[in-house]
Amino acid sequence: MSGARGAGIDAVLRGLARLLPPLARERYLEEWRADVAGAAEVGLSRGGIVRGAAALSLTIDRDAPAHSGEPRGMRPRRLTRRGFALFAAASVILVGAYLTGGGIVPEGAAATAGVVAALEAAGRLAVVLALALVAVGALYLARAARAVETRTARATLVAAIVGLAAILVGALVPSAPGWLLAAGAAALVLGLVGGIAVLGGSRAILLEPRTAPRRHRVVAAGIGVAAVVMLVVIGAIDLLVWNPLAKVPGLDLSTIYSRMEAEDGFFFASNAVLVAVWAAVWVIAAGIAFAVAALRPTSWFTPRRIAIVMLGIVGGAVFFRFFAGFGFGMSIADTFATSGGDASIVSAVLPYVGQLALAAAAVAVGWAPRVASARSASPLGSVTTP
């Protein structure tokens, strides 16, 4: 094969080979190249060989042990796991949007029209992202349903997709019938049960034993600790300083707290202790994760797993921050006849940080490194869980 046309055909074949399961790529690519090289001798067209390669890349049995390096049945379980991980990530974002009423609208002098517009756009973008995650998750479940062996498991996976679609239509379309939400919820539960059965079938998902050098673990954990410390410091300052100033513009901080104590019986010290406890809990949790990562015997605590833990800590800190600042918000509302909601720009941004952190943790759980090695395909090989 020579010339520009030959180079173009070879590039197409390489691209089609990338669509094949990892263990099948090299073998089929070499076969296709040999077929193209000898096409003229046997009266075949190069275009026909390329079309045949494209058909094979779409129809090949990706779950075959010879192609996947795993026992049959592992691929649909892995796809199901990823689909549910994306659903979990989308659920976190949508629940967050619901709890914040579509996003906190900041108040005060710093809340310019541009800032408010940017935060509203961020809220809409978060919902769009969640819906995109749902769509991609549905595609993963559809692929799992197509690859799974039993009709029962296939039906339950399809039910999860249909159920979630019915819930979205029932919730977002005003003219949808009331029974659609209930029917969608029932179908989704059926699909979840079937998906769990697919994920936790008779054989565990085979995985390569995953370890990481201590220096990699320490770096990942250090970044996580820094992020948690930064979050709780900014969150605490916001509860104590920025949010009260945003709620009562025109008054200095000492006047705000003096009036709260005089008119509402507010005790600054006890409420500040709650904020300090909130901050300490999450910093200690991050510190424990760092200590575990730094220990030599815990090489299993890979950077991906560290990231999952640290992202979970960030999300948890943002969620429970509401309870730490509840007393401040209620006293400000009672003293100055305002709403009890947050008003600072930081308070408007942090919910998105927490939602995205938890969503990223869910996706990282679903995307455990796959086994692509033939030596782990044996039932006697190493088995670990993500």
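Glycine residues also receive a Cβ, built from the backbone N, Cα and C atoms like all the rest.
Annotation source TrEMBL lists transmembrane segment at 84-105, 125-142, 154-173, 179-206, 218-245, 265-295, 307-333, 345-368.
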* Sort out the residues at least 6 away from either end of the transmembrane segment (218-245), same chain, that have Cβ-Cβ distances under 8 Å to it, and list them. => 108, 251, 253, 256-257, 272, 275-276, 278-279, 282-283, 285-287, 289-290, 293-294, 303, 306-307, 309-311, 313-314, 317-318, 321, 324-325, 328-329, 332, 342-347, 350, 353
* Same-chain Cβ contacts of the transmembrane segment (125-142) under 8 Å, 6 or more residues past its ends? -> 79-80, 82-87, 89-91, 93-94, 96-97, 103, 157-158, 160-161, 164-165, 168, 191, 195, 352, 355-356, 359
